[in-house]
Amino acid sequence: MEARAVKQGGRLAPRLFSCCLALSLALGGCGAREQRFQAQFLGPFDTVTTVVGYTKQKERFQEQVQFLHDELEQYHRLYDIYHDYEGVVNLKTLNDHAGQGPLSVDRRIIGLLRCAKEMEALTSGKVNVALGSVLSLWHGCREQALSDPLSARLPDDRALRGAAGHCDLSKVMIDEAAGTVAILDPGLRLDVGAIAKGYALREVCAQLEEQGADQLLISLGGNVCAIGGMDRARTPFSVGLLDPQSGDEQRYLLTLGLQDCTVATSGDYQRYFTLDGVRYCHIIDPQTLYPARHCQSVSVLARDPALCDALSTALFCLSPEEGLALIESLPGVEAFWLLPGGGRRQSSGFSAAVLEGESLLP
């Protein structure tokens, strides 16, 4: 039996530099007085964040990167379901308080949960942040497979079905006026991995724009957000989608041009374990309670990072046909699927974002 996963700081985390999305950035297109700067840091959301910017002043870029880091770290602590932090009421606190009445929380938790309810409705339950009791069973199996491959196992079906009885998001009550959240079901546990990075990126990028940022590209895990373009003419940033089937982290499926939009990718090749020759990834279908197997990866392109993050998870849990129908019903949203065996699907407007000369067909 073989078990493969990546552990970081006692938790499963994406492998460094193995993001679904790679930055493939052209160096031209900038005004003569503007320079290209790049920074990278590890910490928030247990992944690598890469920032590329074009500006005349290095100090201005450094200020933006520091602001981004500090804000993302705050969101990370608030949305953490594994750790306590002194003076912070976070999602772990809320989970521990389940069934005990309302709890005063930070407005950023209320905003995330409000967004989560919207995404659950939009995706017919394929994105459900109340699935934590089910996800924790799979998390435990990945941890065990990592620490002792010979003892790798699947969650017990009876335990999965029992946990599934505590995944009703309507049992999470939000009182925005009072600033409180109550989890009515003592057995319900929140896990916001499907939307947390995208939502945090949406909020922080909005703040950066208010501060005047207009030539930044930010990669946070599998989410890449472009604020403006590479220059004052808003030339799109070039962002490559990695080919996971090649095993080469420098080989792209295709290259997108991003300007004032986001692309998010979900895939089965970063966090998983293998048991008896079968790969079990971390993306669990709320209906089957097992890892989804419809595709190897799916990328979603839209202006809203939170929407992209949620939809990439939802589409991974839907058949390509069902996912395509959903995407075609949403204005300004496009998607690209990499199917098992190398097949590809795309929504009707996706080609418009592909840089000239790139082929979408094998």
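Note that Cβ sites are derived from N, Cα and C of the backbone, with glycine treated the same way.
Unlike curated records, TrEMBL annotations are generated automatically.
For the Mg(2+) site, TrEMBL lists Asp309, Thr313; matching the candidates Ala182, Ala194, Ala196 against that entry yields Ala194. Apart from Ala194, Asp309, Thr313, the Mg(2+) site neighbourhood in this chain, defined by C-beta within 8 angstroms of the site C-beta centre, holds Met119, Val127, Gly193, Ile195, Gly198, Ala264, Ser266, Ala310, Leu311, Ser312, Ala314. For Ala194 (Mg(2+) binding site), the Cβ neighbour count at a 10 Å cut-off comes to 29, with all displayed protein chains included. Around Asp309 (Mg(2+) binding site), a 10 Å sphere centred on its CB holds 33 further CB atoms from the protein chains shown.
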